[in-house]
Amino acid sequence: MAFTSAVITFPGSNCDRDMAVAIEQVCGGTVHRVWHGDADLPEGLDFIALPGGFSYGDYLRSGAMAARSPVMQAVVRAAERGVTVLGVCNGFQVLTEAGLLPGALMRNAGIRFVCRDVKLTVENNQSLFTAGYDAGQQITIPVAHHDGNYFADDATLDRLEGEGRVAFRYGESVNGSARNIAGVLGDRGNVLGMMPHPERMIEAAHGGSDGRALFESVVRGLVAA
Amino acid sequence: MKVRVIVTLKNGVLDPQGRAIHHALEGLGFEGVNDVRAGRVIELDVADSTSDAALDEMCAKLLANMVIENYRIEKAA
């Protein structure tokens, strides 16, 4: 079966093309580009990606306006049907604002925008997104964000840890995130939000290819399913 | 009807912006500033018939993020 995916573009998205190229190169199939004002998604999607950027100029709160855009109503319905959804950076912020993932992403604890490669630990390699990594594997993926400081109350954090829903953890404090959490899975495992950019690490020319296994995991998991 | 929505961070939620403002005030030589919390004020002009329930819904659905923020509604007399 042909792998069918969509990359959503909001006004102010700036990693949408990188995301589409990563999916095309690693997953193959058809990548639809969908605009934020579209109320409907293409038929038969296996995978939806929400890219990084500064949707709606980060007005009100990062991701807040995008989370209420017409296309996000359709993305929420698709996620509830079980379609696989990845949100990277601003996409992660949109997923929390839309209620598809718990918690919130606040201003970095050090105030500064952080733009550099960071070490991550793969905390859970049993998920659809991370099956191609080894448990506990150390990988290097770049971050570029101002609001990446993951916050949730202790009960929520304990539940996420207990349910294996912390997908990635920073190897050091990067932005003040609670328990150094870098990526979180939804309760059904079909939604992942992460601040680091795997689509910027898929070939040697990027300085590494540690992000590639994420896209390989998704396509393997979905095409085999 | 003019309505003012004051959005503040919940107690216990670290406020990096407030902390930076605090440092800046100290840098300017102001003493005795114990703490600074930054928030947001949103002014709405709504139909007089707008219900309190509708205002609450606007706050909870969009104007505040209830995971990290509280809101207070003030109606102009």
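Note that Cβ sites are derived from N, Cα and C of the backbone, with glycine treated the same way.
Quantities reported herein were computed from a predicted structural model and do not represent experimental measurements.
What TrEMBL says about this protein:
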ACT_SITE  A:CYS89  active site, nucleophile
ACT_SITE  A:HIS197  active site
ACT_SITE  A:GLU199  active site
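Mapped onto this structure are the features recorded in TrEMBL.
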residue  : record                   : CB count, 10 Å
A:CYS89  : active site, nucleophile : 31
A:HIS197 : active site              : 23
A:GLU199 : active site              : 31
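The two recorded residues, A:HIS197 (active site) and A:CYS89 (active site, nucleophile), have Cα atoms 7 Å apart.
A straight line from the CA of A:GLU199 (active site) to the CA of A:CYS89 (active site, nucleophile) spans 11 Å. A:GLU199 (active site) falls within a helix when secondary structure is assigned with DSSP.
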